[in-house]
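S.K.: TrEMBL feature annotations, pasted as is:
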{"type": "DOMAIN", "residues": "7-99", "note": "domain 'Sodium/calcium exchanger membrane region'"}
{"type": "DOMAIN", "residues": "136-279", "note": "domain 'Sodium/calcium exchanger membrane region'"}
{"type": "TRANSMEM", "residues": "12-33", "note": "transmembrane segment"}
{"type": "TRANSMEM", "residues": "45-62", "note": "transmembrane segment"}
{"type": "TRANSMEM", "residues": "82-99", "note": "transmembrane segment"}
{"type": "TRANSMEM", "residues": "136-155", "note": "transmembrane segment"}
{"type": "TRANSMEM", "residues": "167-192", "note": "transmembrane segment"}
{"type": "TRANSMEM", "residues": "204-225", "note": "transmembrane segment"}
{"type": "TRANSMEM", "residues": "237-254", "note": "transmembrane segment"}
{"type": "TRANSMEM", "residues": "266-284", "note": "transmembrane segment"}
Amino acid sequence: MEILKWSLLGSILSNLLPVLGSSLLFGGFANIGKERSLNRRQADVSICLLLLGILCHISAVASKGTIKNEENINSLGVLKLSRASAVIMLIAYIGGLLFEVKTHRQIFEQDEDSSEISSGDDDDATDAPVIGFTSAVIWLIGMTAVIAMLSNYIVTTIEEASESFGIPLRFISIVILPIVGNAAEHAGAVIFSFKNKIDITLGIALGSASQISMLVVPIVLIVSWANGIPMDLDFNLLETGTLVMTVIATAFALQDDKWHYLKGFNLVLSYVVIAVCFFTMKALPNK
């Protein structure tokens, strides 16, 4: 269960810091000496969802240290709080989807149109679809099946790999696996930032992070609940602290509607600090 939590946490961190940070960094190098504008509407929706998510995590961590009862009663209270929070997180994510897709769809469509006009017609040839809809669905189904088999292999071998290579299990779960898993998103986000399509880059990075935080995490918790597995939102103090600071750093980087390479540089360095921190942590997961 600890490894599962670390992997989910690492996916959120990698989308917000190295993916978004390197996109701003390399996109800023391509526009050196310039300060480009970005649209905060989509970023604000994702940041609000992420802030609600970290509130649920903080509540679980704080309640474990606040309740002064027996250990079993304490864990049961945190478990009930986490399950209720998971339901609220799912409702919030569905509300965010309705906001973007249904009730305020025209706002985001206007943003996409203005972004396309500002980027010019030079990329029309490169924006042509490579494969059709049916082919894309077939490829997605096939790759999903392959990834499911590989994931099962990783779960059964990750602890042995950690011992044989001498790398902390926490570092592998939080840093290495999410970076490899997000390689495609990472490349796509950087390419779009080079083309000055920063709104698409924000959609990739922030959208993926909010999806994992507000959809995947509560679904995993509810599935565990249905199978009688006690999973809560307590990701431990250090992990929760890094998640809180990551969301705050990302929010501050996007608060003024402008982007340049320095903001991306700071986000990437923040991830380096987190990676070093978890690499030096030799603690094993609790049985």
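Positions of Cβ are set from backbone N, Cα and C atoms, glycine also.
Any TrEMBL annotation is an automated prediction that lacks curation.
What's the neighbourhood like for these features in this structure?
M.R.: Taking DSSP states H, G and I as helix and E and B as strand, the domain 'Sodium/calcium exchanger membrane region' (136-279) has 120 helix, 2 strand, 22 coil.
Proximity of distant same-chain residues to the transmembrane segment (45-62), defined by a Cβ-Cβ separation under 8 Å and at least 6 residues beyond the stretch ends, is recorded for 12, 78, 81-82, 85-86, 88-89, 92-93, 96, 99-100, 202, 206-207, 209-210, 213-214, 217, 232-237, 240, 243-244, 247, 250-251, 254.
Listed by sequence, the residues of this chain that lie at least six past the ends of the transmembrane segment (82-99) yet keep a Cβ under 8 A from its Cβ atoms are 45-46, 48-49, 52-53, 56, 59-60, 210-211, 213-215, 217-219, 221-222, 225, 231-234.
Sequence-distant neighbours of the transmembrane segment (167-192) (same chain, 6+ residues past either end, Cβ-Cβ under 8 Å): 3, 6-7, 9-11, 13-15, 18-20, 22-23, 26-27, 154, 158-159, 161, 198, 200-201, 204-205, 208, 239, 274-275, 278-285.
Sequence-distant contacts of the transmembrane segment (237-254) (same chain, six or more residues past either end, CB-CB distance under 8 Å): 5-6, 9, 12-13, 16-17, 20, 24, 38, 40, 43, 47, 50-51, 54, 57-58, 61, 174, 202, 206, 263, 266-267, 270, 274, 277, 281.
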S.K.: Determine which residues of the chain contact the transmembrane segment (204-225) at the Cβ level, with the cut-off under 8 Å and only residues 6 or more beyond its ends counted.
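M.R.: The answer is 4, 8, 11-12, 15-16, 19-20, 23, 42-43, 45-47, 49-50, 52-53, 82-83, 85-87, 89-90, 92-93, 96, 182, 185, 188-189, 192, 231-233, 250.
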S.K.: Which residues, given as numbers and ranges, are at least 6 beyond the ends of the transmembrane segment (266-284) yet have a Cβ under 8 Å from it?
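M.R.: Here the qualifying positions are 13-14, 16-18, 20-22, 24-25, 167-171, 174-175, 238, 242, 245-246, 249-250, 253.
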